[in-house]
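Marked as Zn(2+) binding site by TrEMBL: B:C331, B:D333, B:H501, B:C516.
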Amino acid sequence: MENLLPIFLLIPSLGLIISLLFPERKEKWISTSILIAMGSYVLFTTTFVLVWLWKDVDSLNIKEISLYDYGDYNFFIDFYFDKVSAVYLLFSGVLSYLIALYSRVYLHKEPGYKRFFTTFLLFFISIQIIVLAGNFETLFIGWEILGVSSFLLIAYYRHRYLPVRNGLKVFSIYRIADVGILITMWLSHHLWHENITFEQLNNSQLVAEHLTLHPWTGIVISLAILLAASVKSAQFPFSSWLPRAMEGPTPSSAIFYGSIAAHIGVFLLLRTASFWHQIFIIKIIVVLLGVITAIVATISSQVQYSAKAQIAYSSIAQIGIIFIEVALGLEAIALIHLVSNAFLRSYQLLISPSMVTYYIREQFYNFVPYKEKQKSKWREKYEVTLYLIGLNEWKLDPFLYKVFWSPVKRLGKPLTYFQPKTAVHVSLAILPIPFFFVTNLISFTGTLHHLLPIAIAGLALLMVIRTFSERKNPLLAWAMLIFNHVWVLLAISFNNTFNVWDTTFYLSGILLSGVFGFCILYQLSKKEKFDLNDFYGLAFKRKNTAFWYLLCSLGLMGFPVTTTFLGEDLLFMHIEKEQLLLASLISFNFILTGISLMRMYARIFMGPVNDPEITVARRSA
Amino acid sequence: MKQQSIDFDEQLVLHRLKHYLPAQAPLKDFVHHNTLHAFQELSFFEALQKANATFGYKTALSLNEYRKLYKDGIINTEILKNTIHKYKDENTFVYWRSLVFDQSLSNTTHPEIGKLRPLWKNHFKIDLNMLVHPKLFKLIGAYLDQGVSEKRFPYPDKTLLDAVRALQQNSMVSVFRSNKVITFLNDPKTTITSLLAYIVGDVAFYEQYLFDQQFAHPGWSGMVTTIEVQLHTLLDQRKVTLHDFIFLELLLEIEALDQSIGLNKLPLSGEIKLDNPASLFKDIKVDPYWKVITIWQEALEWSYHSQVLQGLVVSKTETKSTTPSFQAFFCIDDREESIRRHLEQSAPGCETFGTPGHFGMAAMYQPESGKFYTQVCPGSLSPKHLIKEEGRTTKNGKDIHFHKGSHRLFTGWLLSQTIGFWSAIKLFFNLFKPQVSPAHSSAFEHMEHASTLIIENKNNNEENGYKVGYSIEEMTEIVYGLLKSTGLTTNFASLIYLIGHGGSSTNNPYYAGYNCGACSGRAGSVNSRAVAEMANRKDVRAALKNKNIQIPETSYFIGGLHDTTRDEIKFYDVESLSPKHKEAHALYISKFEKALSYNAKERARQFLLINIKRDAVKVHKDVKNRSTALFEPRPELNHSNNTLCIVGRRSLTKNVFLDQRAFLNSYDYEQDVYGVQLKGILQAATPVCGGINLEYYFSRVDNEKLGAGSKLPHNVIGLFGVANGIKGDLRPGLPSQMIDVHAPLRLMMIVEHYPEIVLQIIKKDPKLSEWYYKEWVKLAIIHPKTKTVYYLFKGELKKMETTVHSIESVTDLESIFENHSSNLPVYQLNTL
C-alpha cells in the first residue's frame, strides 16, 4: 500500500502540468483540468484512507529515492503516512476542492486567472509534500515551495504596492521558519549520525537513549522545531503576518491563511511530538506559548474593525489552544479542533463580504444607542488600555521589524560607501579560488582554524547585507549574491574537508541560475530603465522574462529547483554541533539571501507600472 | 525669486478640499453620482484634461483603446470623419487625421497634486506615508466602526480629537509618545495652521501640502467628509469632521518625524529650498493630445447615438385606439427597458409606461420594529412624510457564522471545535445548490409581503418631525403628478400595475447600488404599493375628477416589485381584488412570468458562464441561482452600458431595440404644451441618470483611481466601506466586476418636444444648463411634428442631417441573443 503514496503528489502535479498547457483566455479548460485533478484527488484520498482503516491502522513508510549518498550522509526522499497525515490530506483535499470550485466562477475574467490556479496548485502540492514527508529533508522541500507560493499568492495583485510589500513581509518571516528547519536538520544529523526518518522518531526508546546522551542538543532541536511551527502558525510573537497576508482574492485568503497554511505549524508539532514530548521543559514552553498566543490574539481580534483581520486573529487564538492540546498529548481533540477551526475560519472569510448586509440589518432592528456608564477610574483605564493594545495588535508588527530589520539596515548603511568597480567585482569573484587550494594544502590548527571560517562567513554575510542598501545597480547586487555563495563555501572549506562532489553539487546550481539570471538582467537593462530604488512593475509587459528571472532567483536562493538545494543541506553537515556561531552566521546568510533576491524580483517586476496609458492604484490602496 | 507672502485661509482650504474629495456615502447608502462633480462648472472635455493634470486621474480611454475600437468597427468611419471636421482648427483635416490615427501622442503632464510629498523620501529618506497611514487608518477606522469589532470604541460620543485626547489621557499605553505632539494635542490654541507652520514653515505651501497629504488617501478623507455632511448616514453616529481628521494626521506626522529624522530638521522650508508652490487648479490650454481624445470620444458616442436617433425617427407604430388589456408602470431604470419590451411582446394588448421609481412619493419609511427611518425617494429631496409598516410576521434569519462569540476565547473554542464541520457542509451545498441564507440581501425584505402600510394621515399625527402618512389632498397630488407627467389621463385599463424594482445579491457589499436609484438605494416596493393604494381610494379619485382625470370605477391599481437580479415580480394587496379582476390578474401573471424568463435570457447573453442556447425558463433558473451563490461577483450587470435617456411617448421607442441601454421616461408633449411637466422630469432625471452614467464612465476609464478596482480582495471595513487588505485606503467608486462590460459613453437625453420649449426650460434652470451646456449630458430633441432631430453642440442647437446607418429590421431577437454576448446595434423590431 505504501507504494501508492506518491500518487498523492502525482495527481495534483499532473493537474498542474495539464493546466499549464492552456493559454490564459481558456478559463474553462484551465479550471476544468484543475477541478478534475482535485476531484480525483479527493476520491483517491477518501478511498485510500478507508482501505487503510479497514486493513490496519499501522503507519506506512516508504523510502523513495536516494538523491545523494556519501559516507554517513544520505539525502533521500521518504514518504510517511499515519493518522495525522490522513486527517491533513483529507481536510486539505476537500477544502481545496471546494475552494477551486468556488474560485472557478469567482475569478471569472480576472487578469491572472491562470496564474492564480497555477500558484494555487503549487501551494497545494507543497502541503502534500509536507504532510507526506517521511523525514526532515523531504519536508523541507515542501516547506520551501510553501514559502514561495505564499508570496506569489499574497502578491497576486502584483501591480499594487501593498500586496507586494506584504508579500515580501510574509516571505521574510517565513524565512525565519526555514532556518528553524535547517537547524533542526543540522543538529539532528549530529544527534543521530544519520538522516533520521519520522518513523524512527516513534521509537521512544531510541529517542530516549539519544536524549540522555545529548540533552542540550535535544532541547535546541525542539526549540528550532517550535520556532518553525510558531512562525508558520502565526503564534506569539509572529502573529502579525497572518492578517497582513489577506491581500489576495478572498478564496485564496480563506483557504490558505484562514486554514491550511496557518495550521501547518500544528502539523509539524504533531509530526515531531514523539520527540519533543520526551523533554518536559519543551512541553511547558509549548503550553505557555499557546496560552500567551490565545490571550494576545483574542484581545486583538475583539477590537479589529476590518472583517479579515478579525477572523485572522480569532483563528490564531484557536491555533494557540490547539498548541496546548498537542502539548498535553490530546492528539485526537487537537485534530478535531484543527479541522473544525480550519473549515469555520475559511467559511467565515468567504462570507465576510456579507457582513455589511447582515450586521446593518441587525443594527437597523436592534440598535442600542451608546450610554455613558459610570465606571471607576481604574476600570476605565483598564478597558481603554486593553482596547488600544488590541488595536495596536500589541505592536508586534513594528516589533518584528525592529528586531530583524533595523540591525540589517544599520549595518547596511555604512556599506553603501563600498562602491566597487567592475575590476573589483572580478577580483572578488576570483579571490576565493586560490584559497580553495590553500585549504587542501595547508590545514590550519588551533584558534585560526576556528576563527577563519567565522571571519569568512561574516564577510559573506556583509556582502548580502550590502545588497539591501544597493539602490542603483541591480546587476551589482545580483553579482554579489552569486559571489556570496562562493565565500560561504570557502568558509566551510576552511572548517572541514569538503569533497569535490559536495562542492560541485553546491556550485553547479548557483552557477547555472546565477549566470542565466545575470544574462536576463543584463538583457533587460538594455531595453528598460529600472533600478532598486523604486518599483517598476515590468512583469506587466514582460511576463515571460519575469517568470524565468523568478526561476533563476529561486535557484540562487537554494530553492529545490537546482542541486544547490542539496548543497545547502550538505554544507551544514560540515559544521560541528558546537559551532553555533558559524551555523547562525550561515543560516542568517541564507535567510537574507532569499529575502534580498525576492526583494529584487519585487522591485523590478512587481509594483505599480510606469506607463501613462495604464491606470495604477495609489500606493495606499 | 522671492515668495510673495500669502495668507492661509484654513476654512477656505478645508472647503476646497471637501469639494474635491470623493463624495461616496457609506455602503448601505450607496447612490451613484458624478465622480468628477467638483469639476462640473467646466465643460466635460476641459474637466477631463484638468482632472488629469491636477490629480493624475485617467479620465478617458487611452489612444490605443480608441484605435482598437475603430479597428473593431465599433467606431464608424463616416462619423469619425465628420467629427474631425467638426473639431479641426486652422490646421487641415489631413493634419488632424494623422494625429487621430497614426501619431504616437502621449499625455506627458505630471499631476500637480503629489509633487510635494516625495520630498520626504528624496531628501530625508523616509516614507512618511508608510509611517503615518497605518496609525491614522487604525484610529479613524476604530472610531467610525459600525459593528465589525465586538468591542465598541470607548468614546463614541466624543469628537474624533476629544476621543483621541481621552485615549491618550486614560490609557496606560499612549497614542502619542512625542512630548511635542502631546503639547500640541493639549494646547487649545493649536490649529491646523499652527501645525502646518511647524511642519512646513512657508505659508505659500500650506494648501499644496494639505492637498498632497489628503489625496494620498482620498478614500478615508472622502468618507470623513461625507459623514461630516450627512450625519445620519451612520446608524451609530459619530461627530467626525475633516478638520479633526487633518489635525490628527498632522500630529501623527510630527510624531513619526520625531521618531525618525528628529524635529530639529523642521520646518521643511527651513531645511530644503523649495521650488515655487504649484498652482493648483490653474487654467489649462487644450493640447493636441486632449483634442484627439475629444474627437475619438465624440466619434465613439455618435457611432451609437446617431443609430438610435435614426432608429427612433424611422420607427413606425400604429396607434391603437382600443383600451389596452392592462397598463404597467415601471421605473425609468435602464434595466426595465427590456422587461417592458418583453411584456409588450408576451401580452400585445398591454401598454407600458416609465417613470422614476419612487412614483412621485417623497417619503421616509420605517419597517416594523425598525429603529431608524430610511429615505425612499431621490437623495436630493427632503421628505416631510413617514410611511410605516405594520404587521410584520417574520423575524430576521440568524447565522451562527456571524456570531461574535466565535471571536471570543472560550465560546470561540467551543464553536471552533464543533460548527466547522457544519460550515463545510454549508459551503458544499452553496456550491452545488445555492439557496437563500441570512447572508443574502433580497429586494423583497425591504417591506414584507404580508404586512400593511400606514398611508393615510390621521389626526395630524407626527413623529420626530415627520407627518405619519398623507392627507387626501397630498395623495391626490402624488397620483395626479404620476398620471399627468406620463400622459396617462384617459383610456384607463381595468388593471394598472405600478412596479418598483430592487436587486438581490449574496456576499455583496455593494447591494445598495443594485436597488432603485430614485428610492435612494432601496427597493421601490413601499412606493409602488402606497401609490397604488392611494390611486384606488374613492376620495382621491373624486378629487382627481375635479382635476379632469377620470379613473373609471372598474379600474384597479396594483403595486408590485420587480427583482431585477432574479427576474421575479411580486404583487401586493391582490387579496382584495374582485373575482373578475382576480381572474384577469391570474392571466396577466402568466404574461409577466413569460416576459421575465425572456428578460432573464436576454440578460444572460452577457453572463458568459451560462449556457444560453436553451429554453428561456431553464436559463432563468440559472440566473436566479446566481443571486444566491456566494461565489458570484456579478449577480447582475446593473446599469452597464447605459447611455440614453428618452423622454417621450412609448410609440417613439416601442419598435426600437435599445439593448437595456436606455432610461425611458414616458411623457406626452401634447398634454403638456408649455413643458410644465417636462421641467419636473428633466430636473429629476438629469442628475439621477447623469450621475449613474458618469460614475460608470469614470469607474470604467480609471478603475484603479476613480473606481474600486477588483472586488475579489476587498475587505469590509467598519461596515461602511471596503479596502484591499487590512491596512489599505478605502476604495470608493465601482469595482471592476460592475463595469467590465460597460462601454464608456456619455448619456444622451432625447426629448420629444418642440426645441424652443426644451431649450427654454434648460436655460432657465442653472443646474440643468450646467449639465447640458457643459456637455456632461448630451441633448437631442426630436421635433414631434416634423421628426427632425436637433442636438446641442458647443452651446448651439444643430440639425442632424446625414443618415449614416442602415437600421436592420429583425423578427427573431432570441437567436441574436443566443449568438452574441457583446453590445448589439439598434434594430427595428417587427411585430408579429
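Cβ coordinates are placed from backbone N, Cα and C, and glycine is handled just like the others.
Taking the features listed in TrEMBL, we show where each one sits on the structure.
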residue: B:C331; record: Zn(2+) binding site; CB count, 10 Å: 30
residue: B:D333; record: Zn(2+) binding site; CB count, 10 Å: 30
residue: B:H501; record: Zn(2+) binding site; CB count, 10 Å: 28
residue: B:C516; record: Zn(2+) binding site; CB count, 10 Å: 33
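Taking the mean position of the Cβ atoms of B:C331, B:D333, B:H501, B:C516 as the Zn(2+) site, the remaining residues of that chain whose Cβ falls within 8 Å of it are B:F330, B:I332, B:R335, B:E336, B:G357, B:G500, B:G502, B:N515, B:G517, B:A518, B:C519, B:G524, B:H562, B:T564.
For the recorded site, B:C331 (Zn(2+) binding site), the DSSP three-state label reads coil.
Under the DSSP three-state reduction, B:H501 (Zn(2+) binding site) is assigned to strand.
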